[in-house]
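Enquirer: The feature disulfide bond is assigned by Swiss-Prot to 91-184, with similarity to another entry given as support. According to Swiss-Prot, the feature N-linked glycosylation site maps to 34, 57, 94, 104, 136. According to Swiss-Prot, the signal peptide annotation covers 1-18, on the basis of similarity to another entry.
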């Protein structure tokens, strides 16, 4: 899945290590509170990503479009995820969860008996966020970008591009999704109708 995949990919990269005050400001990782989790609640779209590793880029190119829902569970320090991803013109659905490490400002998921960690970067625009790894000169740096709408404003995009520049990746290396290629609309609608019926019955 786009979100869970990015968590796994980015977790293989070194953690944040700012090289300049400007980049440090952009890449500040803050503790995660209940308010932070509430900000992440709702529907999000996977906008794009950039990775130096060719294998990761190949995987990113396979994702034509993706969106997901996050549901906070404060007491459990986790986010329930419902993710819809379009690959080869087909919809792939997955339900899982992401663990929250509040003090470190990190997210994690367990895959193949291994826990994968990434840093959460909340945007100053609030309705976008990024998952990021290091820009410390390794060949595997990377960032993924998410927004609450399938299209972002120029200001939101600029913040993403500034982070990309900080980690030493060219703008031409960014791989964007295309919401017009989404094939998950019908399944999402079906799930919404099922949840509505369950709510009415309870």
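Glycine is treated like the rest: Cβ placed from N, Cα and C.
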Enquirer: Cα distance, residue 94 (N-linked glycosylation site) to residue 184 (disulfide bond), nearest Å?
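Expert: Distance between the two Cα atoms comes out at 12 Å.
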Enquirer: To the nearest Å, how far is the Cα of residue 57 (N-linked glycosylation site) from the Cα of residue 94 (N-linked glycosylation site)?
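Expert: Each residue's Cα considered, residue 57 (N-linked glycosylation site) and residue 94 (N-linked glycosylation site) end up 21 Å apart.
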Enquirer: Neighbour count, 10 Å Cβ-Cβ cut-off, for residue 57 (N-linked glycosylation site): what number do you get?
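Expert: A count of 16.
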Enquirer: 34, 94, 104: which of these glycosylation sites has the sparsest Cβ neighbourhood within 10 Å?
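Expert: Counting other Cβ atoms within 10 Å of each of the glycosylation sites 34, 94, 104, the minimum falls on 34.
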Enquirer: Fill in the CA-CA distance, residue 91 (disulfide bond) to residue 104 (N-linked glycosylation site), as an integer in Å.
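Expert: About 34 Å separate the Cα atoms of these two residues.
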Enquirer: I need the CA-to-CA distance for residue 94 (N-linked glycosylation site) versus residue 34 (N-linked glycosylation site), whole Å please.
Expert: 25
Enquirer: Could you give the Cα-Cα distance between residue 34 (N-linked glycosylation site) and residue 104 (N-linked glycosylation site), in whole Å?
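Expert: Cα-Cα, rounded: 14 Å.
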Enquirer: I'd like the Cβ neighbour count for residue 184 (disulfide bond), meaning other Cβ atoms within 10 Å of its Cβ, all protein chains included.
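Expert: I count 19 other Cβ atoms within 10 Å of it.
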Enquirer: Run through the Cβ atoms and count how many others sit within 10 Å of the one on residue 91 (disulfide bond).
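Expert: Within a 10 Å radius of the Cβ of residue 91 (disulfide bond) lie 17 other Cβ atoms.
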